[in-house]
Structures are given as C-alpha cells and as structure tokens.
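Under the heading transmembrane segment, Swiss-Prot lists 4-22, 24-46, 56-75, 82-104, 134-156, 359-378, 382-401, 408-430, 445-467, 479-501, 511-533, citing sequence analysis as support. Residues or ranges marked as region 'Disordered' in Swiss-Prot: 167-187. Sequence annotations record features per position, and here Swiss-Prot assigns compositional bias 'Polar residues' to 172-187. Residues or ranges marked as domain 'RCK C-terminal 1' in Swiss-Prot: 180-264. Under the heading domain 'RCK C-terminal 2', Swiss-Prot lists 265-349, citing sequence analysis as support.
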Amino acid sequence: MNPILVLLCVIALGLLVGRVSFRGISLGTSAILFVALLAGHYGWTIPTGFGTLGLALFVYCVGISAGPTFFRGLASHGRAMAITGSVIVLTGVAVTWTSARLLGLPAELAGGLMAGAMTSTPALGAITQSSSDPAAVAVGFGVAYPIGIIAVVLFVQIAIKLFAKPGDSDGTDSASETSGQSSAEIAESNSIGRRVVRIANPVVSGKRPSDIVAFADSPCQMSRVQREGRWRPTPPDYQFEIGDDVMLVGGASEIRRVSETLGELQDTAEPVVDADRERRYVVVTSPEIYGRTLKELRLRSKYGVTIVRVQRHDVEFVPSARTRIEFGDGLVAVGEPDALAKIANAVGHRPRTVNETDLLSLVAGIVLGIFVGNLSLQIGEFSMSLGIAGGPLMVGLILGHFRRLGPIRGSYPPAAMLLMTEGGLALFLADAGLNAGANVVEVLMERGAMLCVAAAAIAIIPLLVGFAGSRYFGGRTLWQSLGATCGGMTSTPGLAVLTGATDSSQPATSYVAAYPVALVLITVAAPWLVELIG
C-alpha cells in the first residue's frame, strides 16, 4: 500500500477512535498511537522523517501556547501552584527511576512508562528522539497512558467524596494567591449565564459598579441596565439607584454572591437585548491593551463598554477587575454601537493581523529551535542537550512570551495554532506507533504485568504527594489542590471532572498555574532520566 495513504489512514482511524467516549473519558489524538501500534504489528510502514517534522512542529506550538503564562506564573502569585506541579513531576521521575531499578526495566521502556503515566505526549517525543530504542518508548507509553488517565480521574472523584464539605460545590472563592494571576477566572462556558438583580441595598445606592468590592473580587460583570422598559448597555457614569434592574453575567455562584451585596435576584423571563448592535467580538493585538488588568484599563469609563467574556485558548470565561488581558484574547464587549467601534480600534482588532499566519516566522522559529536543541553542554563525562523536542519547545516559550524576536513573530491565529499542534502530534504519534508495532506483542508478553504495576505506581504516587503537599503543607483549598494536581499531571480529563463538580473557578485557576511548568519540566527532564537509568 502507498506509504502516504497508510499514514493518512492511520491518522484518520486514530482520530475516530479518539472520539469514542466512556463516562466522559476519551483518548483524543493519542488514540492514533494505539491504532499505529496495531498497524505496525501487521507490517505497515511509512517513510522516515514524518515523525521528526511532526514532533518539532508540535512542541514548538506547545511552547508558543504556554509562553505567555509560563514565565508570568513563575514570577506571580501562581508560584505556589507551579511548585506543586514541579513536585509532582520530580516525584514521577523518582518513582520511575526506582521502578526501573527494582524491576530491571530498560531505560527506554521506563521513560515511555513515565510519559504515559503522566499523560505527557511532549515527554514521549523528547524521549523518542534522544533514545536508541524508540520502539520501546512507544510501547511503554501505550501501556501507561490509559492507566494515567484513569488514575487521575478516579483520584479526583475519590478526593471530592472524601474531603469535600457541604457547600464547597457552591464555589465561594476566597481571596487567594492565585486571584491576581492571568486566566484566574477561567470557568467552563456552559456554566456562564445571565440573571436580573433588583437593587435593594441602600449601602450601594449612589455608588458606581467599580466602587463595589464584590465586583473586584468576583468573575462577574454587570452588562446592562433597564431603562424605560429596554435593556441598555451600562453607561460610563452609571450609579446604582434603589429599584433599578441590572443584568449580571457570570457563573451561578458568582452571580448569587454579588447579588447578595446589590439586592434581590429576580425570577424573570430571559431578557430581550439587541445583541446584533450592542455586542461585538474583538481580538486583542494592541500592546497598549495586553499585559494590563481590566481595572487598569478602565474600559467602561473610557469607552463606555463592558467586557463580559474572554476567550483564551478555546476556553471562555467571565473576567473580574483583576483579570490580565493577553495578546490574542477574544473579548466579548457590550456597549452602544459607537462605543463598540472605538473599543475595536483601541484593542487593535485588525482582521488581517489577527487571522494571518506568518509561515516564514514559523519555519524560522522551528529552525532556530532545532539549532538550539543540537547544542550540547559537557559536564565531565555527561553530555546534555535539549534535542529535537526540547530546543523548539524552549524557543517557542521565549517567542510566546515576548511575541517577537527581531523579525520572527511568536503569535499565530488560534485556528492555525490548533491545526499545527494537532497535525504535528498526529504525524509524530503515527510514526512512533508504526515503528514500534513490530515489537509490541513481544514486549507485552514478556513484561506485561510488570509494566502495568510500574505504570500504576508512577501515576498514583505523584498524585498523592502533590495533593498532600498542596493541601496540608501549602495550606491550599481542596479545589486549588486538586486543580494544581491535575495540572502537574497534565491531565485535562481530571480537570473536566473538577469543573463538573463545582462552580468555583479555583480548579481551573490552579490548573493553569501548574500545567505549563509541569509540561516544560517533564519534557526537559524525561530524556535526561533515560540517560540516568541507562
């Protein structure tokens, strides 16, 4: 069969299998590896080079995506969650090394087990490219990956049942170290709603929304005021008056919290608004906007608009005054038509700038990353290099943070980023699985039970250490600790279980702080661990 056709068929079938969901859990793009292992077992092959190209593209895009939050998280209040993520990764490294020594596992097989148990495809790529036996790495990953996913999901469910107290699911978020961090108010889009509140508290009468502490601390926005029977965007000079009906946008728990300060929630029909003329989606490209909080920008007083939602990395959330706007954020603004035109120009919304993909910058960035990855540092008899995975990852992180290095741009449209990330990962997984498929049955027959035991240990022990450290030594809440633990394990399914169990923004807040640090650390540490074991 034509090798290119084999590659495309494996990817297509893998993506179809990845869509199969059982109780909310699916393999996603990683299912391509399992289909490729099966195809490789029956002798299907593809030309060399596809996997290397796919890996370089994948990790470079991962770096670009993580760059804006990675360095800021290390230097901000999210540091505590980043430490939790680091502890989890280092514990995973230690458990992997111990398991390899006790069970006599080959270094490459042990490295694949760690990447799978920690559900980290970038780590799989880093080990594969630096390994002398990439087939063993792929087999180890294939065995451990399902175990890693199930372990995190079950751990989160059990922890919630054991430690959650009545009322915890209401998600009342106290001020915490993560409250001022970028993306701190992320919430699942299906939990965002609108409610009408009637002003009844004399204390707020005559005050502006910006004067109310509840708005500053909560991911909840007041978008409209009812005037003469019509819902109008909140004017810049609006002051609360007893009897006013206002519209709040946010999660159910946050709306309840703010309404307790303002007055009484109203059980009314869905308000009718002029969304076509009084709401606009704009994308941030102006350096005068990104990197600053909504409180610092004062968009309502300057332009007469309210930012009711922010879309970042395919996640939509309601911001608070402390939310820091980032380059490429999609903002949903509510205001009068002329005010919306002004805010569109102010944030730098230019369709061509937002939607164009600079291919020259993409190629130059990957080439620079490969060059950096080939540089080696000699320490005695031990030689270290970032390799084909670590080099593009580091360059991507730097470009993602600074957005530009000379002529090389570090930002791409969200749709293009998703396509390049998923496309690169698909090429790499297909190549790795097809090359490893010939030996998969032999390895499983020889070490199957042993591999499952090691994978379970590598997945479970870091979970326990990370959660206990954050909860009992770090003094974090249950939701913060579980969010950071899922981030340290780079487990999106675990986060999905958390966000389904609470309206609180704390799980996603902590996940966002821990995830990029854990992702980078495990990608860099994984190939060095293999050398250490070997």
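The backbone N, Cα and C atoms fix where each Cβ goes, glycine too.
It should be emphasised that the depicted structure is a prediction, and the values quoted were computed from it without experimental measurement.
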### Message
Per DSSP, what is the helix/strand/coil residue tally across the domain 'RCK C-terminal 1' (180-264)?
### Response
25 helix, 29 strand, 31 coil
### Stretch among 408-430, 479-501, 511-533 sharing the most Cβ pairs under 8 Å with the transmembrane segment (382-401)
511-533
### Query
Can we call the transmembrane segment (134-156) and the transmembrane segment (408-430) in contact, meaning three or more C-beta pairs below 8 angstroms at a sequence separation of 6+?
no
### Task
Give the one range among 82-104, 408-430, 445-467, 479-501, 511-533 whose Cβ atoms make the most pairs under 8 Å with those of the transmembrane segment (4-22).
408-430
### Query
What average pLDDT does the predicted model assign to the domain 'RCK C-terminal 2' (265-349)?
83
### Summary
Taking DSSP H, G, I as helix and E, B as strand, the domain 'RCK C-terminal 2' (265-349) contains 23 helix, 26 strand, 36 coil
